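**Student:** Per TrEMBL, compositional bias 'Acidic residues' is recorded for 396-407. Taken from TrEMBL, the feature region 'Disordered' applies to 393-430. What TrEMBL lists as transmembrane segment is 12-31, 43-63, 117-141, 147-170, 202-227, 239-256, 268-287, 299-321, 333-351, 357-378.
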Amino acid sequence: MIKINNIHLSALDWVTASWVIGLIFAAPLLGSLSVHMDGGSNHLIAAAATLIGALFCFPAGFIKNDWLFPPYIATVVAAYAVASTCHTRQLGLMVRGFTGSKLLTTQFPIRRAISSWLSLFGAAGSGFGSAVIAAFTYYMLNKDEKFISLWVVSIFSGIKWLTGILHVIIAMLGSSEQSPATPTPPSLEVPHFLSISSHPHALGTLIATLLSGFTTMSIFTGGVLYLVGQLCIRSHTLLYFWLTYFLFPMFALPLLHPLQQLIKANAVKMNVLGLIISLVTSGFGFYFKDDGTWRTKDILLFAAVQGLSAGILHAFSRVLIMDCAPSGKEGAFAAWHSWVMGIGMCIGFAVGSSVDGLGSCLGAAFLAGLAGIVVLIFGNVSDLVGALGAGHVGEDENEDDSDDEEDRKEQLATKGRHGSGLSKEEHVSV
């Protein structure tokens with residue numbers, strides 16, 4: 001326990017407080033950096049955030065003082081938020097590079113297929129990285145020196161994070177000059193970071209992202225603590241749980257893409273699907289919370305299903321926010337997405353680690369997931385309408401006019417073949 005004045009905090013409460021500090025620090029940082037991201041410094045900012053976050057993982061074990069952990073954790077949280085923003089923005093640029101600056105409404109399924117394909121494979125790759133960290137953590141926790149072992153895990157995490165600069169270098173080699181944002185009349189100008197306020201479908205996406213982040217993190221945190229604290233599962237079973245949770249989406253998410261194209265599901269429907277899966281897992285977990293005879297296969301099934309839900313929500317929330325982001329403002333929209341997702345996950349972690357009993361945790365997750373579905377469906381959130389508002393999609397007026405003219409001539413010709421259906425004026429006009 002950590003004592004502050006007369007308040008005793010657990011290690012998990014200390015992490016939550018540090019996480020909150022990091023999110024507060026990240027808010028103005030993202031607001032100022034989003035302008036520079038959209039101004040052409042995206043790769044430089046991504047490299048700096050990755051480097052700072054990785055370096056702060058290295059000296060964590062030098063000073064054994066509880067008060068130093070909040071600055072460390074807060075810095076890592078802020079660096080992750082910035083790096084995540086850069087990667088989400090890069091997704092929007094990659095999609096536009098494949099599809100061009102503007103598509104017809106009938107061509108929007110092309111953008112939908114490309115964006116979901118890129119985001120699903122990105123989410124699958126992140127699952128592999130998480131599984132590597134989980135396996136290494138399990139290996140080090142079996143050592144005698146627990147503190148040194150955790151420090152080694154922190155150093156390994158920093159080294160692994162540092163390799164992300166390779167992605168930045170590759171992106172810089174393939175980058176191209178970005179088109180500027182659409183100019184706004186001076187009387188209507190709003191700060192760049194707040195430009196999302198004029199896009200209602202993006203705002204609906206942010207609300208759903210907040211609720212989905214809370215749902216997935218609350219289920220994961222509460223589930224892990226229940227397995228360890230109440231079921232007292234063996235350490236190797238916990239490792240299998242982690243690996244299943246992170247690795248199953250690695251194989252399932254890419255296979256989900258052809259299914260999505262077959263049923264013609266858009267990003268909104270896929271987000272609803274992810275939330276429905278979370279409702280199922282939280283509902284079953286709530287129903288069987290008092291059953292102490294959970295078998296290993298039941299635990300692994302729970303991990304696989306919920307891991308798939310988290311992967312779907314992570315992938316398609318990014319797709320949806322980028323569909324709503326105008327050209328030249330991807331960084332601002334991605335910053336909001338990263339920050340709001342962080343808030344949802346932080347609240348979910350706080351609830352999952354502090355409430356008494358698994359039932360309260362899963363009940364809160366169930367209600368949040370249900371609220372997310374209500375927002376997406378009854379809020380009329382749409383990727384197509386959002387893309388129309390962002391300028392990614394538009395109608396070809398000339399093509400529409402020519403089609404209407406051909407239809408009119410065909411109707412007149414049909415009347416002429418049937419004889420007396422035309423008046424003198426109509427005969428003359430034909």
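Just so you know, glycine gets a Cβ as well, placed from its N, Cα and C.
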**Student:** How about the transmembrane segment (43-63) and the transmembrane segment (333-351): at least 3 CB pairs under 8 Å, pairs 6 or more apart in sequence, or not?
**Tutor:** no
**Student:** Sort out for me which stretch, of 12-31, 202-227, 239-256, 333-351, has the most Cβ pairs below 8 angstroms to the transmembrane segment (268-287).
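**Tutor:** Looking at each of 12-31, 202-227, 239-256, 333-351 in turn, the most contacts to the transmembrane segment (268-287) are made by 202-227.
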**Student:** By a Cβ-Cβ criterion of under 8 Å, what residues six or more beyond either terminus of the transmembrane segment (117-141) are in contact with it?
**Tutor:** 87, 91, 94-95, 149-150, 152-153, 156-157, 160, 235, 238-239, 242-243, 246-251, 253-254, 256-257, 307, 311, 314-316, 318-319
**Student:** Taking a Cβ cut-off under 8 Å, which residues six or more beyond the ends of the transmembrane segment (12-31) line up next to it in the same chain?
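**Tutor:** Contacts with the transmembrane segment (12-31): 2, 66, 69-70, 72-78, 81-82, 85, 191, 193, 335-336, 338-339, 342-343, 346, 349-350, 353-354.
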